[in-house]
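Here's the structure we're looking at; comments come further down.
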Amino acid sequence: MHAIMLKAKLHRAEVTHAVLDYEGSCAIDGDWLDLSGIREYEQIQIYNVDNGERFTTYAIRAENGSKMISVNGAAAHKAKVGDRVIICAYAHYGEAELASHKPRMLYMAPGNQLSHTSEAIPIQVA
């Protein structure tokens, strides 16, 4: 059995740039790519918390320490500067990998400050 699982997530990052006339992609602070395990040119899903848009693009590296999230190309129609987004990467895992799989999640505070990291989402209670 194989399953598609969450590999990495940047939770509630703020869009810092939306550049329509740029080759399509999403530039992400290189430190965050390294910490999350998201690779350059890897497919990512972006969920816009502020307007409900959901779209697919690929990650490119922004300058380390820049705190940049730049939504580029046609995707710039889906997010504006200041929007809060969730950026996710998914991967296929075999049955042997599933038992030990833990996603890498980065949680952002206002101003794209890294709040904390986690490998699990708390159980939701009523």
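Glycine residues also receive a Cβ, built from the backbone N, Cα and C atoms like all the rest.
As given in Swiss-Prot:
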- S25: active site, schiff-base intermediate with substrate (ACT_SITE)
- Y58: active site, proton donor (ACT_SITE)
- T57, G73, A74, A75: substrate binding site (BINDING)
- S25: pyruvic acid (Ser) (MOD_RES)
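Here the features listed in Swiss-Prot are placed on the structure.
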{"residue": "S25", "record": "active site, schiff-base intermediate with substrate", "Cβ neighbours (10 Å)": "20"}
{"residue": "T57", "record": "substrate binding site", "Cβ neighbours (10 Å)": "19"}
{"residue": "Y58", "record": "active site, proton donor", "Cβ neighbours (10 Å)": "16"}
{"residue": "G73", "record": "substrate binding site", "Cβ neighbours (10 Å)": "16"}
{"residue": "A74", "record": "substrate binding site", "Cβ neighbours (10 Å)": "11"}
{"residue": "A75", "record": "substrate binding site", "Cβ neighbours (10 Å)": "22"}
Other than T57, G73, A74, A75, which residues of the same chain sit close to substrate? List them in sequence order, counting a residue when its Cβ is within 8 Å of the Cβ centroid of the site.
G24, S25, C26, F55, V71, N72, A76, H77, K78
Substrate site residues T57, G73, A74, A75: biggest Cα-Cα distance, Å?
10
Can you give me the Cα-Cα distance between T57 (substrate binding site) and the residue listed as 'active site, schiff-base intermediate with substrate' in Å, rounded to a whole number?
6
Between Y58 (active site, proton donor) and G73 (substrate binding site), find the distance joining the two CA atoms and give it rounded to the nearest Å.
11
